Amino acid sequence: MMFDVDPELDTEDTRISLASILELLDPIASKVSSRKYPLRGLYYNRGRQVNDSAKHLSHRTKQNYHHLRNRLSDTTSNRLRSIDEIKNKLLLRVKGLDEPLHTIFFKDINKLEKLFYPFTLFNIFSIGMIMGQFPEWFHVYYTFLLGLLMPIRFYTYYKTQTHYFMADLCYFVNFLCLVYIWVWPQSRSLFLSCFCLTFGSLSFAVITWRNSLVLHSIDKTTSCFIHIIPPVAMYVIYYGLPAEYQKERFPAAIKSSVNLKSNIVWTSLYYLLWQSMYHYFITLKKSSKIKSGERMTSFEYLTSHQFKDFWAVNLKAPWPMVIYITLQYLYQLCTMLLCSLWLRSRIAAAAFLSSIFLIAAHNGATYYVDYYGRSFEKQVNKLKAELEELQKQLYAKDNELEVLSDSDMSFSDSTVSATPDDRLSGQ
């Protein structure tokens, strides 16, 4: 028996209301509204909505990403452009200063040395005055001198392609002293390391490398300064300050028991820090310039000048450098062993510093005598050679004149003696 089905009823029957399903599962669901959803289109529509939302979100995310990337690139380019402009301005200013500085430090050096000579004498007087009357200001004066002389040292070394020397241990120790004075004065380990390094390597370098206190020379006086004034500053901080001021300003410098083992450990750690930075930034990073001869380092200078005949120099790399580092560390340890005495005895420390200053002064006096004496001797020898040459020339001219005069006399004599004979023959 066939029944005609109304299409509207058919479509109506294929729909299941959410309320009827929930009512079947739970009577409480009868309270739910009778909104109807197509059974097949329920998840499809929701999935389609989710996909549309995801596509819209992805599109918006891409737009935001491109917008942020463009803004970031614009900002980065603007910043790079501003940095380049600042660099160009600085380079122009530096180039503008380079010519007058080059004239001062390399061309008109005599005028500068005449001014630097009284400046050095005044500094020696000021150092003694501040140590005796105003010891709490000595670290300030040390910082002032360091800030004044180091830019000059860098410029002169940079112009002569020797600025890698400023990465040596003595400059690193001066930097550590500044860190202790102005940043970390409460660090006991840093103070002991600064004390041992200044009274050790820096002080003995005056003896080892013959630093000379040549009063008119900026280069030699600066070398003496970076080796002698840091231990003097540590001496003043440890022995010269009033107790109350020392406790407040430099608490790590308060006198207490000294442990040599801990001193060696801490100093070795700071030494290792310097060696690591030095060989990374100089030996490795700048190896091409060093090998090509464009830059000079302490190791290259020693192995090519003073110790060029040393057996270790002829070994294969990296053994010369390894031996150099090992010997340098052993030298540091040997010079540091006496620091326990300097930390216990004020008189011994003062006598040691005085002897270092006298050695530098003696080296300076030797330089004056040898340099100017030899230059004067060279000038005298040059004048002697010129006089001897003039005498030889005069002697040669005298001989020529004598020969000419003799020939003239002989000719005149011969003509006079021949006249009577001619007359007789004519008769």
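Sequential numbering from 1, following the chain as shown.
The backbone N, Cα and C atoms fix where each Cβ goes, and this holds for glycine too.
Nobody curates TrEMBL annotations by hand; they come from automatic prediction.
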68-87, 288-307, 408-427 - the range that TrEMBL marks as region 'Disordered':
408-427
Which of 140-158, 165-184, 264-282 shares the most C-beta pairs under 8 angstroms with the transmembrane segment (221-241)?
140-158
Distal contacts, the transmembrane segment (264-282) - CB-CB under 8 A, six or more residues away:
164, 167-169, 172, 176, 189-190, 192-193, 196-197, 200, 290, 297, 325, 329, 332-333, 336
Of 165-184, 190-209, 321-343, whichever stretch has the most CB pairs under 8 A to the transmembrane segment (349-369):
190-209
